[in-house]
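Quick notes on the structure that follows.
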2 protein chains.
Amino acid sequence: MTEKAADRRSFESTDDNRVAGPLIHAQQIVFDDDIGLELGGRLQAVRCAYETWGTLNQDASNAVLVCHALSGDSHAARHDPQDDPGWWDDLIGPGKPIDTDRFFVVCPNVLGGCRGTTGPGDINPETGKPFGADFPQITIGDMVTVQKQLADHLGIYRWRAIIGGSLGGHQAMSWVSRFPRCTDVCVIIASSPRLTSQALGFDVIGRNAIQTDPHFYGGQYYDKPRRPDTGLAIARMLGHITYLSTEVMEKKFESDRHDPREIATSFEQRFSIGSYLAHQGQKFTTRFDANSYVTITMAMDLFDLGSSRLQLMETFGDAECEFLLVSFSSDWLFTPRQSRDMVNALTALDKSVTYAEITSPRGHDSFLINEDIRQYAPLIQARLGDLDQEPHQISMVESLILDEIPESASVLDLGCGDGHLLAELKRRGHQKLVGVEVAQSGILKAGSRGLNIIDYDLNEGLPAFIDNQFDVVVLSATLQAVANVEMLFDEMLRVGSRAIVSFPNFAYRELREDYVIRGRSPKAPGEFGYEWYNTPNRRFPSIADVHDLCRQKQIRLVNEYYFNASTGEQVRADQDPNLNADTAILVIAAD
Amino acid sequence: MTEKAADRRSFESTDDNRVAGPLIHAQQIVFDDDIGLELGGRLQAVRCAYETWGTLNQDASNAVLVCHALSGDSHAARHDPQDDPGWWDDLIGPGKPIDTDRFFVVCPNVLGGCRGTTGPGDINPETGKPFGADFPQITIGDMVTVQKQLADHLGIYRWRAIIGGSLGGHQAMSWVSRFPRCTDVCVIIASSPRLTSQALGFDVIGRNAIQTDPHFYGGQYYDKPRRPDTGLAIARMLGHITYLSTEVMEKKFESDRHDPREIATSFEQRFSIGSYLAHQGQKFTTRFDANSYVTITMAMDLFDLGSSRLQLMETFGDAECEFLLVSFSSDWLFTPRQSRDMVNALTALDKSVTYAEITSPRGHDSFLINEDIRQYAPLIQARLGDLDQEPHQISMVESLILDEIPESASVLDLGCGDGHLLAELKRRGHQKLVGVEVAQSGILKAGSRGLNIIDYDLNEGLPAFIDNQFDVVVLSATLQAVANVEMLFDEMLRVGSRAIVSFPNFAYRELREDYVIRGRSPKAPGEFGYEWYNTPNRRFPSIADVHDLCRQKQIRLVNEYYFNASTGEQVRADQDPNLNADTAILVIAAD
């Protein structure tokens with residue numbers, strides 16, 4: 001790598017395409033009516049700057065609202081090839097996952113911002129001077145109020161989708177909690193119902209740095225020769241560290257730790273990370289306003305939809321839309337656990353929800369990065385109606401399982417893989433269908449079919465679901481991989497009226513012969529190529545073993561099927577299936 | 001909980017006992033000779049403040065050096081019951097793990113500090129004013145140079161032990177890398193060979209906050225009416241967040257997030273964490289000097305023993321001492337992975353080392369907290385000669401294993417449990433003995449016997465050890481729990497000339513009968529009370545299965561023993577052990 005490339009590489013950040021100049025494609029609207037604020041006070045003549053892509057169709061049913069994050073603005077994507085890059089170019093554009101040839105995309109700058117929409121830098125009509133730190137404390141809800149005014153102005157009464165990451169996710173959540181019928185689809189990425197205490201702490205420190213900057217002047221610095229750039233740069237440096245995963249930080253700074261790139265700065269430059277942070281901090285001050293930073297971070301910090309499941313259920317109880325939530329494994333600022341808290345409330349409410357935790361080393365920034373967008377974009381496309389229509393194959397086992405599922409029954413499929421069983425149920429007209437899967441390829445495939453898939457580990461039980469939520473719970477060809485069997489059985493029968501469990505029979509004749517004659521650990525059928533020392537399976541029950549467990553747990557056997565998967569021959573219950581069948585399907589219910 | 005108690009609880013930190021007043025027990029020495037500094041320059045008439053406990057014995061062989069962390073000082077423990085508390089009271093004192101009735105404990109304030117030892121606040125003889133920011137850049141090595149001068153002064157030429165956490169661990173590492181014969185024991189807690197890039201980034205930001213404080217005056221603020229307290233408070237706030245685990249942060253601030261305690265501060269107080277940080281930040285400024293903070297953090301940031309195993313091996317190659325390393329699972333500032341990097345270098349050098357990763361929710365602070373000290377203290381006591389002498393029981397299987405181990409052979413015991421096999425080998429005179437164990441209770445018990453125990457997960461292989469490091473590797477009654485069997489076999493025969501593997505035989509007659517007659521999943525002998533659905537074991541090989549694997553991998557069978565563990569009867573190789581023995585011991589070697 002040339003030195004120049006190395007320099008560029010080490011300074012590369014997801015924000016390097018942010019420009020400080022005017023947003024030439026931004027439109028503006030000034031609202032006639034005052035905006036009443038949630039914490040008190042009003043704002044007059046609020047101006048909203050926004051950009052749009054594509055064309056609103058006749059019945060205004062194809063509008064997609066894109067909500068930007070803390071340091072973002074209305075320029076989510078290019079308008080033409082010569083345009084400045086947008087912050088979500090990989091997601092939005094002609095033929096892109098959010099296809100501007102099909103959808104009318106709207107991206108407004110948030111209230112309190114400094115990129116066109118009314119914010120602390122604007123003139124306070126009562127004083128004739130900029131608001132500065134006297135700009136009223138706004139909330140995410142207030143940002144949404146302004147966006148709603150914009151929607152009314154544009155003739156949009158229901159969004160096709162509202163989508164945002166981080167702070168943008170907060171806005172999306174606020175929309176559907178305040179206006180339950182505002183959208184068909186709500187997409188919440190790398191976000192949370194409230195910040196962690198740690199994230200809150202970092203924000204507090206950042207604001208302290210800004211507000212104690214000698215050039216802050218109580219926020220009235222606009223007519224002064226100097227601005228609180230030092231404090232703002234420090235706040236931004238702190239933010240930067242929180243957006244990067246530890247892995248990314250090691251990659252970026254490990255090899256040249258003691259070789260800082262020389263830049264013009266009065267900040268410390270002893271280490272490569274020092275000059276990087278100085279560069280990022282200073283660059284930020286050329287395009288962002290300190291008062292806006294304070295205002296917006298405070299709104300994020302005040303955002304609190306609740307921390308308990310009940311509170312969250314109350315918040316989203318009336319929402320009439322489909323949800324998609326995405327988190328990233330290495331995001332330590334907006335953690336997967338917080339997304340799961342949201343998901344647990346939505347599933348308990350029987351809302352249509354898909355949730356994927358994308359495996360990524362790139363931290364909170366992931367939602368803006370191409371490699372990660374490529375992973376989660378198909379889920380968005382599916383929610384926007386662009387479904388994977390690949391025909392699905394049903395095995396014999398699955399046919400028998402399907403036969404056991406009553407018409408129009410609600411079904412939870414645990415370890416659903418790529419969702420083909422659920423796809424078949426959907427084809428047959430079943431309405432309430434949910435899959436649980438932990439393998440990312442399965443989740444993305446099933447999600448692309450338009451199914452509701454939850455990215456959960458079955459060994460943690462089924463905390464997402466409430467008692468008796470489903471008519472049928474299916475555990476097909478998955479029992480062997482489960483560590484916590486007893487708990488899962490309890491959970492299945494808590495959540496479902498009945499459960500259908502299929503598994504390979506470990507006491508099958510051929511296996512017994514193998515074992516008895518050869519004295520080798522039996523290899524269950526279907527254990528294609530696995531040996532005793534590398535099989536991913538943990539549990540090797542015989543049919544009799546599972547019957548014993550059910551008896552012990554006073555689980556009622558409703559129905560039973562035994563057969564040889566290879567020949568397709570069924571084995572009757574009086575034909576010693578424990579010896580003669582290689583596969584079993586048990587239908588069970590709580591006693 | 002009363003309101004007062006709640007107030008106290010939410011503000012409680014491991015530092016709340018720090019006092020700003022004079023250290024009445026500190027002694028001082030001013031050195032005649034200049035101190036030459038590693039990065040250039042010299043300091044004259046360096047003064048070292050220190051405290052001692054206990055009495056130095058006649059041959060000066062009972063001295064323990066305690067090295068403090070960033071914001072610490074010489075007052076590691078009380079000198080009497082009425083004394084102010086010390087920062088490591090739970091560890092140091094009469095009858096405590098570091099027993100001041102037996103040892104002469106010395107704790108000096110570090111060079112560059114502000115608690116008695118020469119630092120930036122002292123007068124520069126060349127200018128007659130305080131050094132300020134002109135204090136030369138010092139290193140951890142320079143801190144150690146001053147400590148060595150102190151040791152010489154006290155007549156101590158070899159320490160019984162050097163012990164430190166965090167920055168204190170850096171000092172301990174620097175001691176043994178520069179003075180390889182300086183100590184019998186080196187204890188390194190919650191530390192690292194160099195900071196992570198993330199930790200470095202946080203330090204850079206903290207220093208930026210201090211140095212851009214309007215009252216910093218290039219470090220020459222001592223005669224000014226105001227000090228750079230704002231910047232120092234902000235730096236401290238940042239440090240605080242990094243010392244706390246996310247779990248602790250949620251516990252401390254979750255329930256009263258929006259109810260800040262009112263305190264006198266100009267910092268933001270909108271949230272409970274805000275007033276906590278403001279309180280902690282401000283309190284710190286009453287007892288710590290900004291220039292010292294800059295100086296010491298920079299020394300920590302410059303500390304770099306290398307990032308590769310080879311570099312670390314070069315650093316510690318000559319060290320002649322026993323090592324003890326301790327990390328904490330939720331410490332995200334000085335991570336367990338970094339401790340493992342150190343351990344991998346020490347084991348490759350055949351150094352005597354014990355390493356434990358203590359499971360704790362309390363983050364980096366853990367090393368100072370009572371509940372965690374109680375976990376790791378026995379390991380320190382063992383290193384100080386206070387061994388657990390509980391007699392150990394040897395089972396029949398283990399007897400046979402012991403018979404297979406040549407006299408004075410070096411042995412690595414994988415999954416060594418509480419170390420009793422190693423204890424027996426030690427009793428029989430074997431010298432080089434190392435255990436690997438992942439269960440904390442086992443590690444602490446084995447460590448308390450004075451054995452070298454490494455806290456590693458066998459499923460990650462044996463990266464700590466080099467080729468042919470041991471005569472014998474033992475895997476006793478552990479094979480069943482291993483996920484990655486093939487890789488472990490390869491590793492065992494890479495690391496050892498031969499391996500001894502004992503395991504229950506899954507094809508034992510009784511199990512086959514059970515299986516064939518009852519059609520139930522066989523329960524291996526010794527699977528006390530476990531069923532198919534909850535056994536922690538993953539692998540169920542028969543003797544024949546293991547022979548097959550060895551054949552396939554061209555592993556040579558050196559010797560074999562088969563028997564019934566319950567009766568003690570041996571089964572000869574020609575007596576169909578695969579059917580008639582419930583336990584096997586195989587001695588294997590690479591072909």
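Placement of Cβ uses the backbone N, Cα and C atoms for every residue, glycine included.
Database features (TrEMBL):
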ACT_SITE  B:SER166  active site, nucleophile
ACT_SITE  B:ASP331  active site
ACT_SITE  B:HIS364  active site
BINDING   B:ARG236, B:ASP365  substrate binding site
DOMAIN    B:62-367  domain 'AB hydrolase-1'
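Known features from TrEMBL, placed on the structure.
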residue: B:SER166; record: active site, nucleophile; Cβ neighbours (10 Å): 27
residue: B:ARG236; record: substrate binding site; Cβ neighbours (10 Å): 25
residue: B:ASP331; record: active site; Cβ neighbours (10 Å): 27
residue: B:HIS364; record: active site; Cβ neighbours (10 Å): 25
residue: B:ASP365; record: substrate binding site; Cβ neighbours (10 Å): 25
So of all those recorded positions, B:SER166, B:ARG236, B:HIS364, B:ASP365, which one's Cα sits nearest to B:ASP331 (active site)?
B:HIS364
What three-state secondary structure does DSSP assign to B:ARG236 (substrate binding site)?
helix
Averaged across the domain 'AB hydrolase-1' (B:62-367), what pLDDT does the model get? Just tell me the whole number, please.
96
Reduced to three states, what secondary structure does DSSP give B:ASP331 (active site)?
coil
Assigned element (helix, strand, coil) containing B:SER166 (active site, nucleophile), judged by DSSP:
coil
